[in-house]
Every structure is written in C-alpha cells, then in structure tokens.
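Database features (TrEMBL):
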- Ser78: active site, nucleophile (ACT_SITE)
- Asp222: active site, proton acceptor (ACT_SITE)
- 45-235: domain 'PNPLA' (DOMAIN)
- 49-54: motif 'GXGXXG' (MOTIF)
- 76-80: motif 'GXSXG' (MOTIF)
Amino acid sequence: MLNKKSTNYLVILLSSSFLWFLICTIIFNVPIFAQDLSKKPKIGLVLSGGGAKGLAHIGALKEIERAGIKIDYIGGTSMGAIIGGLYACGYTAHELDSIFSETDPDSILRDRIPRDNQTFYEKYNNEVYAVTLPFQKFKISVPKGISKGLYNFNLISKLTHPYRHITDFSLLKIPFLCITTDLETGQEIVLKKGNLPLSLSASGAFPSLYSPVQIENRFYIDGGVTNNFPVEEVKKMGADIIIAIDVQDNLKDIDNISGATGILSQISNFSTLQNIEKKKQLIDIYIKPNINPYSVISFEEGKDIIQTGVDACQPHWEKLKSLGIIHIPSILKKKKKVY
C-alpha cells in the first residue's frame, strides 16, 4: 500500500499531467494522447528578421521569461537569428537588453571597431584612407556593402566565445537554427551546424548595408531574402507549440519607401507576406510589435523598439502564463525516495 507521501506525489503527478492535457488540447489545440500525458509539450520560438526592428524581440523575450516559459527550440532570420542565437547560448532577455543598450549604434552600421581595440596599423589606415574603393581589373568598382560587418562579427564572436567549440547548434543550451541565402543561386539555406558567429553574420548580411559573408567557398546574404520567418523549420525541429514574434513590415506605398534599405526591405517582404497566412496556421501565439515608426537602421531608437516587444505581449498574456504553468513543479524535479 502507498503511504501518505507516496499518495501526495501521485496526486501531484496526475494533476500536473492532466493540466498539461487541458492546456494543450483546449487552449492550443495540440493533440496529446494518453501515453504522452507525462511529457511536457515542446515549445518553439520563431524570431523574424527586421534589422533594428528586431530589437523588439528582446522586449518580447522579457515577457516570455516573466511568464515562466522555457523555450525548447529557436529559429530565426537576420536580427532574429542574432538575438535567437545568443538566447540559445544562455543569455537572458535582460542581459541582451544590456548588451544592445551599451552597443554604439553607429559602430553597428559603419563597422567602427573601438579605437582602443585597433592595432597601430588599423588606426593609421583609418586616418589616411578615410574612404576606400576596391579595384577590379584595374577599374574602380562599387563596394558590395557599406560595411564589411567586422564590428558585428567581432561582437558576436566575443559573446559566443564560451561556445566556440560547438559546431552542432542542437547542442547549444537551446537547439537553434538560422536562415541565410546563397548569393549565387538565391537558394534558402538552413544553418544548423558550423561556425556560430559566421552563421549569425551570414543570416544578417542585409544587402547594400553589409557585404556578403563567405563560409568555405560560398557567399551568403541576409536570410530574409528567401525566408524571413522560419515557422515551418522550427516545427520540424519537434515543436508542439509555436510562439512567433514578427517584426516584418507590411508592404508600403511608394511615398513611404526611401533609400536602398527601404527598397530592399520591400522586396524581401514580397515572398514572405505572400506566405504569412499559411505560416500563421502553424503558430499558436503570434506576437506583432508595432514597429511601423522604425526602419531597419533605427538602432539609435533601440530602447523604444525593445518596449514595443513588451507591449505586444500584453494581449497574449493569459496564453503565455498558461504555457508557464505547464512546466513540471519543482517538487517533481527532486529525487524521491522509493517507499
């Protein structure tokens, strides 16, 4: 016969399993069979691209953490890949907020490595050659991007340094993937393995803003060109429930499109917005921050953009809290004696 302690443990286990069953089947319409009652549904997080607008992901992550949700899989594109990759390494939302708040927006865009971190020759060359143009076949050619992305790559490398030995992204604290685009073929490339800093840089190499990123013998540009919202890919990782944060622009009229970045943002949104309704069918919580006042280069307004992510979670707060509830109570995580 079971004693009182054993009975209490059994009641907690059954109550927890039944609660998962109710939440998954009633709130999120995820079918859970009887033999799976003891298994926690896997939660996937999808972070879209959007340049500086992607800083809204940090605000949304703050609310996801406040709800007590533990993410099982992450997939992202461009800025969504950078923030998602760092989150997969174990950085909290508040740590990411601090990192980006302390980062010089001008350095992000213009590749300005802090002078104290430059060698003597780098300092000298920067002073002598204020502007450089590459030569190809004895002719001046147009640079492929405003920035080579060295500042961003150095920053990402520094932040991911403790995980430099990991080349399989499923072995990070949270399994992760990101999207990039093959420059020559235009093919969507899903990166699940390789050099993490290079992969994140390749996913965020926005055309006209950053130069293509070379990985082995291929060149890659921003993943938003082919798939700015990798919902299906995160679903394939094994996610039962999808939380997706979308910082993409809607299509704009001609009066609201300005500059090369505005034109390219409009182009990259064509294919994604055509498929957005299909993607939404796979999403359980769709979070859409109000990023209309901002552009892909509005890094100087980062604090306000982060707040839009916080605000966008409020209409979904009850659902988010319900996902936080389904995690195993701490009493079940402790090793129990056999009676």
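Numbering starts at 1 and runs along the chain as it is shown here.
Yeah, the Cβs are placed from backbone N, Cα and C, and that goes for glycine too.
Note that TrEMBL annotation is computational and uncurated.
Cα-Cα distance from Asp222 (active site, proton acceptor) to Ser78 (active site, nucleophile): 6 Å (rounded to the nearest whole number). Around the Cβ of Asp222 (active site, proton acceptor), the number of neighbouring Cβ atoms within 10 Å comes to 29. Classification of Ser78 (active site, nucleophile) by DSSP places it in coil, neither helical nor stranded. Every protein chain shown contributes to the tally, and the Cβ of the residue listed as 'active site, nucleophile' ends up with 31 other Cβ atoms within 10 Å. Residue counts for the motif 'GXGXXG' (49-54) under DSSP, split into helix (H, G, I), strand (E, B) and coil, are 4 helix, 0 strand, 2 coil.
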